[in-house]
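Participant: Dropping a structure here in structure tokens format, bear with me for questions.
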Amino acid sequence: MEGTKKYISVGELEKHNQLGDVWISIQGKVYNVTDWIKKHPGGDVPIMNLAGQDATDAFIAYHPGTAWKNLENLFTGYHLEDYLVSEISKDYRKLASEFSKAGLFEKKGHTVIYCLSFIALLLCGCVYGVLCSNSLWVHMLSGAMLGMCFIQAAYLGHDSGHYTMMSSKGYNKFAQVLNGNCLTGISIAWWKWTHNAHHIACNSLDYDPDLQHLPVFAVPSSFFKSLTSRFYGRELTFDGLSRFLVSYQHFTIYLVMIFGRINLYVQTFLLLFSTRKVPDRALNIIGILVYWTWFPYLVSCLPNWNERVLFVLTCFSVTALQHIQFTLNHFAADVYVGPPTGTNWFEKQAAGTIDISCSSWMDWFFGGLQFQLEHHLFPRMPRCQLRNISPIVQDYCKKHNLPYRSLSFFDANVATIKTLRTAALQARDLTVVPQNLLWEAFNTHG
């Protein structure tokens with residue numbers, strides 16, 4: 001009966017936001033997830049970022065209907081006092097329900113078999129070119145094919161991390177490790193750790209790891225005051241070296257993207273051999289060992305060191321296209337400082353994303369991520385459905401006066417460079433005394 005319900009205020013809920021005492025609210029009911037957070041498949045970071053808050057929209061976005069039954073065991077018996085739902089959230093939940101009833105989350109098409117076949121073809125072509133030809137140009141083409149193989153494998157790894165794209169969870173985990181660890185050398189455990197945090201805290205400067213690139217990049221001037229990364233648990237110091245590198249970031253971004261893959265390799269090893277709890281650590285390490293067995297061996301089959309270096313550079317130059325795409329989706333969008341909030345979750349996703357407009361025949365190249373807002377709103381949606389729901393999302397944003405940015409690949413690059421240039425010029429104009437001799441040498445006048 002209504003009169004027997006127990007209520008707590010929003011202020012009381014907010015007090016339960018520390019490890020060892022974690023409560024969240026979903027559709028007005030309050031749940032104690034203190035112990036569950038240790039078993040949460042998506043890790044502890046997404047829950048901690050929304051601890052002590054209403055997390056309804058985020059829960060709907062990231063969980064299938066079968067997950068709701070798990071909540072009852074976590075129910076505290078309390079309901080949220082004065083629980084209100086904005087019109088934006090009401091419409092979002094209605095959209096999610098309609099898409100679910102239409103079966104869009106289950107209609108996965110033939111993307112997996114097409115992509116796996118394409119990856120196999122690229123890999124076979126690469127190996128054949130390396131082993132069966134003496135031509136430098138064939139070897140460079142082989143490197144490009146391997147780079148495209150890395151891109152397509154990363155897209156499949158991304159898909160498998162968001163939803164079960166295979167016939168079972170066991171096969172899905174195999175696909176994750178195969179495409180992530182074995183084929184690209186990047187741990188799926190590292191990817192899920194950082195990527196889930198990125199989705200929840202999209203474009204939060206101190207909570208979203210995808211924007212924390214000091215000393216190399218700083219998107220807004222907020223980094224110039226030095227921020228504390230809540231994700232990494234350390235200060236992002238804007239020192240003399242950072243000032244120098246950021247001041248030229250609009251010139252260096254594409255070069256950095258070529259070698260950015262090396263950083264991902266390093267991050268993978270740092271996580272897998274850290275003291276942090278890593279799901280399936282042994283399996284991830286085995287997958288990485290597979291990669292670091294076949295990839296160096298393939299490179300060693302080339303006739304000399306000049307060709308080996310050119311092969312790797314060609315390969316990494318192609319994969320740089322994917323790294324660039326990731327920056328286009330977010331760098332020129334709105335940013336903010338502070339934790340994500342569950343009550344305006346949709347608004348933050350819309351403000352922090354940029355779509356890339358392209359013809360449907362190019363969808364394979366972008367892996368569905370050209371529909372960045374659609375993906376952020378419905379991360380469990382198979383990529384083959386994103387183009388279908390795009391007009392509906394556009395109408396939704398128009399109705400609620402929310403931003404819906406869709407730029408061509410060229411225009412998105414221009415917008416990103418302009419954003420980086422603005423921050424670079426601001427970094428040069430800082431009046432603080434340089435602490436880096438390299439900065440002083442490059443900026444000495446007279």
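Keep in mind that glycine also has a Cβ here, set from the backbone N, Cα and C atoms.
According to Swiss-Prot, the protein has these features:
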| type | residues | note |
| --- | --- | --- |
| BINDING | HIS40, HIS63 | heme binding site |
| DOMAIN | 5-89 | domain 'Cytochrome b5 heme-binding' |
| MOTIF | 158-162 | motif 'Histidine box-1' |
| MOTIF | 195-199 | motif 'Histidine box-2' |
| MOTIF | 372-376 | motif 'Histidine box-3' |
| TRANSMEM | 112-132 | transmembrane segment |
| TRANSMEM | 136-156 | transmembrane segment |
| TRANSMEM | 174-195 | transmembrane segment |
| TRANSMEM | 253-273 | transmembrane segment |
| TRANSMEM | 282-302 | transmembrane segment |
| TRANSMEM | 309-329 | transmembrane segment |
Participant: Kindly state the mean pLDDT of the motif 'Histidine box-2' (195-199) in the predicted structure.
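Facilitator: Averaged over the motif 'Histidine box-2' (195-199), per-residue pLDDT gives 96.
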Participant: What stretch, picked from 174-195, 253-273, 282-302, 309-329, has the most CB pairs under 8 A with the transmembrane segment (136-156)?
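Facilitator: Looking only at 174-195, 253-273, 282-302, 309-329, the most contacts with the transmembrane segment (136-156) come from 309-329.
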Participant: Report the DSSP secondary-structure composition of the motif 'Histidine box-1' (158-162) as helix, strand and coil residue counts.
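Facilitator: Grouping H, G, I as helix and E, B as strand yields 5 helix, 0 strand, 0 coil.
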Participant: Which of these binding-site residues has the least crowded Cβ, counting other Cβ atoms within 10 Å: HIS40, HIS63?
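Facilitator: Among the binding-site residues HIS40, HIS63, the lowest count of other Cβ atoms within 10 Å belongs to HIS40.
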Participant: Which listed range (112-132, 253-273, 282-302) shows the maximal number of Cβ pairs under 8 Å with respect to the transmembrane segment (309-329)?
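Facilitator: Per the Cβ under 8 Å count, 253-273.
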Participant: I need to check the long-range neighbours of the transmembrane segment (282-302): which residues 6 or more away from its ends have a CB within less than 8 Å of a CB in the stretch?
Facilitator: 126-127, 130-131, 139, 146, 173, 177-178, 180-185, 187-189, 268-269, 272, 308, 311-312
Participant: Tally the residues of the motif 'Histidine box-2' (195-199) by DSSP class, grouping H, G and I as helix, E and B as strand, and everything else as coil.
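Facilitator: Counts, helix then strand then coil: 5 helix, 0 strand, 0 coil.
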Participant: Where DSSP helix means H, G or I and strand means E or B, what are the helix, strand and coil counts for the motif 'Histidine box-3' (372-376)?
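Facilitator: Helix, strand, coil within the motif 'Histidine box-3' (372-376): 5 helix, 0 strand, 0 coil.
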Participant: Write out how many residues of the domain 'Cytochrome b5 heme-binding' (5-89) are helix, how many strand and how many coil, based on DSSP.
Facilitator: 32 helix, 22 strand, 31 coil
